[in-house]
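**Student:** I have a structure here, written as structure tokens, and I will follow up with some questions on it.
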Amino acid sequence: MANTTGEPEEVSGALSLPSASAYVKLVLLGLIMCVSLAGNAILSLLVLKERALHKAPYYFLLDLCLADGIRSAICFPFVLASVRHGSSWTFSALSCKIVAFMAVLFCFHAAFMLFCISVTRYMAIAHHRFYAKRMTLWTCAAVICMAWTLSVAMAFPPVFDVGTYKFIREEDQCIFEHRYFKANDTLGFMLMLAVLMAATHAVYGKLLLFEYRHRKMKPVQMVPAISQNWTFHGPGATGQAAANWIAGFGRGPMPPTLLGIRQNGHAASRRLLGMDEVKGEKQLGRMFYAITLLFLLLWSPYIVACYWRVFVKACAVPHRYLATAVWMSFAQAAVNPIVCFLLNKDLKKCLRTHAPCWGTGGAPAPREPYCVM
């Protein structure tokens, strides 16, 4: 169980191991903070500055980056301070509740946003016309506000001691105090997080099945043109008969209106999804699934430790495993920019545009004017 008193449970003469462990924790968390703040700031500036990135997926990505950056700037310094002072909380109890609220808020916000993103990725591939028509800036803002509202609803009840927020000495942070499920109310929060992660992967699984079933294009079926007097018309007509009649080479009555040329407004507004757009949507889907998978991998050890505390009363969680799991959950705030720049060609192109020294040959030289003789 979590010890919240801040007193060491046992005193040993070998003080070198705790000091070395604290040094490693400080170095790793400092590195995570630097990478998270720099990477999320660069990615956010690119999305805000580049008009080509003003699309629904990048608005969601911007929200994730801002949340991770704020988490690194607000929550992690308190963890550094607690590690530096020997795994103890030197601030007030109210500040502990505020920091714990922020940590849980950003965790649930990432889970809710990743679920919403998975749904939009499925809509972008399976129902592209509806997605292109309905996924506007205001729709994205509504989705983001909904994710934040649900996150606040999940993180706010423990402020009133419903699943208490306390400083956990073994984790060096203020967070949920997970105890045996008969003595605490944190089981519902952990189940909600697990359901969200499972539902997100279920949506991506459905998207994968949809792409597998539609992996082959249907052959084009040519519809023959209709003619009683050599004035070909109908769905298969090319317009050559009408062109011949207008040019003076036709005989007989004027050909009727060609359905292949004149279309009503509803049919004209409908368009097929081009191959470049398909590749772009699939690329975004792979990038967001990689972010979701890393979220699952980095948070799973800590979630297992939480369930261990809730369901296993006799045996405590090993200290090394718990410390590793906590720092893996911290690392999740720094991985999103790395994944995005590795898997998204548009982001890499924009980054090279604003930082030519990172490109292969810098900015292209202007061509000399010439004229064709």
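Even glycines carry a Cβ here, placed using N, Cα and C.
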**Student:** Hey, which of ASN184, ASN229 does Swiss-Prot call N-linked glycosylation site?
**Tutor:** ASN184
**Student:** If you pull up Swiss-Prot, which of CYS174, CYS306, CYS315 shows a disulphide to CYS96?
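**Tutor:** Of the listed candidates, Swiss-Prot names CYS174 as the partner.
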**Student:** Do THR139 and TYR321 sit on the same side of the membrane in Swiss-Prot?
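**Tutor:** Topology check (Swiss-Prot): THR139 vs TYR321, domain names differ.
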**Student:** If we call contact 3 or more Cβ pairs under 8 Å (sequence gap 6 or more), are the transmembrane segment (288-308) and the transmembrane segment (27-47) touching?
**Tutor:** no
**Student:** So which of the disulfide-bonded residues is most packed in, judged by how many other Cβ atoms lie within 10 Å of its Cβ, out of CYS96, CYS174?
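**Tutor:** Of the disulfide-bonded residues CYS96, CYS174, the most buried by Cβ count within 10 Å is CYS174.
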**Student:** Can you tell me which parts of the same chain pack against the transmembrane segment (27-47), counting only residues 6+ beyond its ends and a CB-CB cutoff under 8 A?
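**Tutor:** Residues 53-54, 58-59, 61-62, 65-66, 68-69, 71-73, 76-77, 79-80, 83, 327, 330-331, 333-334, 336-338, 340-341, 347, 350-351, 354.
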**Student:** Based on DSSP, tally up the residues of the topological domain 'Cytoplasmic' (48-59) by helix, strand and coil.
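**Tutor:** So the counts come to 9 helix, 0 strand, 3 coil.
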**Student:** According to DSSP, collapsed to three classes, what secondary structure does CYS96 (disulfide bond) have?
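**Tutor:** DSSP assigns CYS96 (disulfide bond) to helix.
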